[in-house]
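Report on the structure given below.
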């Protein structure tokens with residue numbers, strides 16, 4: 001039995017050695033292939049973010065997510081311009097409760113409604 005154990009132990013060691021050499025060989029061909037590709041395409045490994053165009057767009061930042069954001073920003077710009085054009089700074093709202101006498105008279109419409117007329121057809 002001692003001979004069998006001795007025979008098994010060297011076999012296990014050689015199996016472990018084979019795995020180690022396979023790992024080393026697995027790394028070496030990858031490194032060799034990587035070096036070959038770097039030699040073939042030298043400009044690819046230098047920029048770790050993409051093309052110049054992509055980097056410029058990313059640095060610029062995104063202004064609007066979609067057309068809704070664009071339209072809301074456009075409306076805000078118009079609202080900022082209106083008060084500066086000519087607003088009454090003395091106008092205070094909320095202090096006075098309007099009454100029917102304070103409200104201006106309603107303009108009569110030029111087209112008469114069929115419902116408002118007293119004619120029944």
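Glycine too: its Cβ is placed from the backbone N, Cα and C atoms.
Looking at 84, 109, Swiss-Prot tags one of them with phosphoserine, and that residue is 109. Sequence-distant contacts of residue 108 (phosphoserine), defined as residues of its own chain at least six apart whose C-beta falls under 8 angstroms from its C-beta, are absent. Every protein chain considered, the tally of other Cβ atoms within 10 Å of the Cβ of residue 43 (phosphoserine) stands at 6.
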